[in-house]
Each structure stands twice: as structure tokens, then as C-alpha cells.
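Notes for the one structure printed next.
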């Protein structure tokens, strides 16, 4: 009997430790969610990927725990309702090594008010829970909770949002403050009572509350763009003030890089690539060409563009310009090409940056090389007019590439200033007005408006020198030019490619050498095969028969053996 009680005591101690371990792994700070009647609310909880996920569930806490939905990695979803589980809950694994479990509440009312429990069961971590308290706001005056603002900030900066802007609201201990964040209809509580309570991995160690309930977010990241932060102040029961602030994030791109693909063929085709990295939210790439050709020279020019988003959320733009000359230049002709990037900046400004220039002297053997460009120096003259642009609150998608022809018959083209510093001009569109004087612009290239698919203007005489066309649209032009353009250029180090004296390009020479080697190799193989065939057709050499074998006998005196002559006959 004594041994039985001992075993029971040891078993009870082990069970107490197991239960204690599970309770220690269970966590959850209650968050208050405020919603208006008839609105949609999304409740989202997250947890770190530690151990093995057993299951997760949503429950409503009343006198008892009412199961709403369960998710199991192997068995899928189960919902205790007539509606489909896909319209009630959602499970995701977003970046950041976390699990995300969302409950959708549609058309909320007073019956929806209550506490909702989100729980994760992990092995061997245990059970982790999070409780949300949903409260329906009633008798809220419309003019009290609608107060929206927008803040623009550069990446890696410190975001400071006052609870109420341009409002003489006296801070009192009687008032209840709470900061919430909203994205795509999902609303989460960041702080309550002046203390951060959100366990979201996106805002971990980045949120701080000031003495006057200002929200500080540092450092600002790319994925903060579009977040709406709301400050809720409960003045008295049924009276809630709300001020919402939307964040717009900007990133200054790198200086564009321009290179030439070493693939010029016999018809004089040149391919240039302009690349721009770390772009957010958008940018425009514009090609500039300064050239001087004798009369009768013709060319075809078109651009293509592409963009992609890297793993950090930045955009990378690339524009490819192809220029093909029909005739071989009879004289020494120069070609200078570069690209410019325009991207929006906070405060309705624009970041301007220009690539280095590449200068070619077609038909010349030893072209000069220019000196490098100072990035803060104006290189193109007077800034263009941007009177029709608007603020960066509604940016267009980037047109990515445009083409500007600087060479005309006798026109004087005023080019935009290319500086890396900010300029006090609106940022949407980046369309320019180019002015020219002299003869009619009938010799200029046809154009297409940026970011549209409309056809070029009718007639070559209706276009202006320096027009911009969409990079993704092929626009071929035959432009005879009769005069050189004198333009002030800052010298920039460029890549210079010269042609041989005889005018033959190096790909043709390499192809001829390879063809000669191939012919010689084929002749050698053919000669070897003929030699092998002759060897196989020769008759086999004559081989004489072997000589006869003679046997010798050694006679012994013992026994009656046969004499030697008899053995020889055998």
C-alpha cells in the first residue's frame, strides 16, 4: 500500500510539471478592436515558426468556448458554420518565418461583439493564444472620427505621427488612447495605454510612443508603404475620435548605368542598355542622343524596357535602345548617348540623376575619351517645364524608357537640367515641353506620348524635335540630317569602340577565321578516312608454311627398347 502511494505521488508531480510547461508556453495580451456597424473586420494573429505546427483554431469566448474554425496541416480546414471555410478564415506563411491565421467578420453588428481567441498548437513549444476584444462603436458622430492625413518619408528615416494634427486636444488621464494599423481591410492594435502590445514581426522593436501619444516608427522600411495608422481616443462611452495617417515611402535610386553590348554587325547596329536599381515607388528612364550625320544617312531606332521587383521590395528598371544605320558612314561622324532617371521624392520634389556619356566617332580609328561627370553639376542646360504635373499622391506606373533626339536639321534644342539634387517641381508624369527654332520640324522623328498605346501623330511635319515615345512601342524613323548641332557638354568618361581601317567589323573577321579552321579540319578528316580505306582494301601479306619438325632419339642400353630408326618411323 505504501509503494502504491509513492507511485501516485511521483506521477502527480510529473503531471504538474507537464501542465506547468504548457501554461508557460501559453501567452496572449488582449487587444481591443473598434469597428462601425455594418463594416468588415479582419482579425489576424501571428506566431514564429518554432517547432512543428500541430493545428490552429479560432474560437469565440462566451460562457464557454465556441469553436469557429480549425486548420490542420494534413487534414485541412474545418468550420462549425454553414458558410465555406475559405470565406471565414485564411492561413498564410508570409515572409519573416511566421505563421499567419486570419478570421474574416463581415457586416458586423452588436451580436458580433465579444472576445475572439486565436490559438496555435506547436510541438514541442505548446499552446500559444491571442485574444481580441471586438467592440462596435455606436452613436459616433461622422465629423469626429473622419480625419485623414498623408505623410511622405524617405526609407530608413524616422516616422513621427501625432495623434491629432491641427487639433487643440488637451491630453488628459481620463482619455483612453490606442494606436491601430490597417492594411487591405485588416486592422491590428499596435499600442494601448501607451505601451506596445502587438506581436507582429513587421513592427517588432520599431514602434515607440512619445509623451504626448505620438507614434514613432524607426527605421522606415519599404513594406511600410500604404499602411494606415489610426489614433483612437475614447472621450466618453460612445464618443470616439479617430485620426488616420497614410504613409508614403520613397527610396532614392542609384545613378543609372549605361553600357553598350559588344555585338555590332555589318549593318552598323548598336545596342545600349540603361539600368536603374533601388527604385521605389516609380521612376522614368529617358534616352538622350546627340549626333551629327552627313546628308543622306538613314537610321532606325527603337527601345524596349522591362522591370522586376527584387527580394527587398525595390524595383529594378532596364531599358534597351537599338540603333541601326542603313549606310556605312563615309566620313567621321560622332554619336553621344546617355540616359537620365527621374524619380519622385518626398515633398512634391524630383530626384534627377544622369548616367555617364558614351561617345562614338564612326569611321575614326582613335576617338577621344571624355573626362568623368560631376554628379552634382548641371549638364544639360535649362530645366524643362512641368506645369501640368500633379502631386505624388497618385503616381502613374513608370513609363520606364523614353527617347529624346537631340539632333535636328537647324533647330536649337533646350535640354533639361540633370542634377542629382532635389528640384522643386511636381513629380507626376515627367513629361517635358521641348522648344525649337529655325526651320520646320518635318525632319524630326515621329513620336508617341509616354505611357499610352496611341499611334503617332499624322504626318512627319506635325512633330517636334525632342519628342518622347513609349519605350515598349517600336518606332522606326528615317531621319536625314544636314547640319551639326553645337551643344555644350560636360566631358564624361565613356566606352569608345573603334572600327578597323578597312571598315570590316571584328565579328566578320572572327567568323572568317572560324570558317577557315573548320574547312581545314574537314579536309584533314577526309584525308585520314581515305588512308584508312586504302589500308583495309590491300590483300593480306604472304606467310610461308613452317618447316618440318625432325625428332631425335637417344638410345639407352637398358631394356629391350625399339631401335632409333624404328622410333623415327613412328
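Placement of Cβ uses the backbone N, Cα and C atoms for every residue, glycine included.
According to Swiss-Prot, the feature disulfide bond maps to 45-118 (among others). In the structure as shown, the Cβ atom of residue 45 (disulfide bond) sits within 10 Å of 26 other Cβ atoms.
Residue 163 (disulfide bond) counts 25 other C-beta atoms within 10 Å of its own C-beta, drawing on all protein chains shown. Per Swiss-Prot, the feature disulfide bond maps to 163-231 (among others); the stated evidence is sequence analysis.
For 274-339 (among others), the entry in Swiss-Prot reads disulfide bond, with the evidence type sequence analysis. In the three-state DSSP scheme, residue 274 (disulfide bond) falls into the strand class.
DSSP places the residues of the domain 'Ig-like V-type 1' (38-125) in helix, strand and coil in these numbers: 6 helix, 52 strand, 30 coil. Swiss-Prot lists 38-125 with the feature domain 'Ig-like V-type 1'.
Per Swiss-Prot, domain 'Ig-like V-type 2' is recorded for 156-222.
The N-linked glycosylation site annotation in Swiss-Prot covers 42 (among others).
Under the heading N-linked glycosylation site, Swiss-Prot lists 107 (among others), citing sequence analysis as support.
Feature annotation from Swiss-Prot assigns N-linked glycosylation site to 148 (among others). Annotation for residue 148 (N-linked glycosylation site): spatial neighbours 243, 244, 245, 246, criterion Cβ-Cβ under 8 Å with sequence separation of six or more. DSSP assigns residue 148 (N-linked glycosylation site) to a strand segment in the three-state reduction.
The secondary structure of residue 156 (N-linked glycosylation site), as reduced to three states from DSSP, is coil rather than helix or strand. Non-local contacts of residue 156 (N-linked glycosylation site) by the CB criterion (under 8 A, 6+ apart in sequence, same chain) comprise 219, 220, 221. Sequence annotations record features per position, and here Swiss-Prot assigns N-linked glycosylation site to 156 (among others) based on sequence analysis.
The N-linked glycosylation site annotation in Swiss-Prot covers 166 (among others).
Residues or ranges marked as N-linked glycosylation site in Swiss-Prot: 184 (among others). In this view, residue 184 (N-linked glycosylation site) is surrounded by 7 other Cβ atoms within 10 Å of its Cβ, with every protein chain counted. In the three-state DSSP reading, residue 184 (N-linked glycosylation site) counts as coil.
Sequence-distant contacts (6 or more apart, same chain, Cβ under 8 Å) of residue 261 (N-linked glycosylation site) comprise 271, 272, 273. Per Swiss-Prot, the feature N-linked glycosylation site maps to 261 (among others).
Cβ neighbour count for residue 284 (N-linked glycosylation site) (all protein chains, 10 Å cutoff from its Cβ): 27. Annotated N-linked glycosylation site per Swiss-Prot: 284 (among others), in sequence order.
Look at Swiss-Prot and you will find 352 (among others) tagged as N-linked glycosylation site, backed by sequence analysis.
Annotation source Swiss-Prot lists N-linked glycosylation site at 374 (among others).
The N-linked glycosylation site annotation in Swiss-Prot covers 431 (among others) and is backed by sequence analysis.
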> So which of the glycosylation sites is most packed in, judged by how many other Cβ atoms lie within 10 Å of its Cβ, out of 42, 107, 352?
Replying inline: 352
> Counting every protein chain present, what is the number of Cβ atoms, excluding its own, within 10 Å of the Cβ of residue 118 (disulfide bond)?
Replying inline: 24
> Which of the recorded positions 42, 118, 163, 184 has its Cα nearest to the Cα of residue 339 (disulfide bond)?
Replying inline: 184
>> When you rank 45, 163, 184, 231, 352 by Cα distance to residue 284 (N-linked glycosylation site), which of the recorded positions ends up on top as the closest?
In response: 352
> What is the interatomic distance between the Cα atoms of residue 163 (disulfide bond) and residue 45 (disulfide bond), given in whole Å?
Replying inline: 25
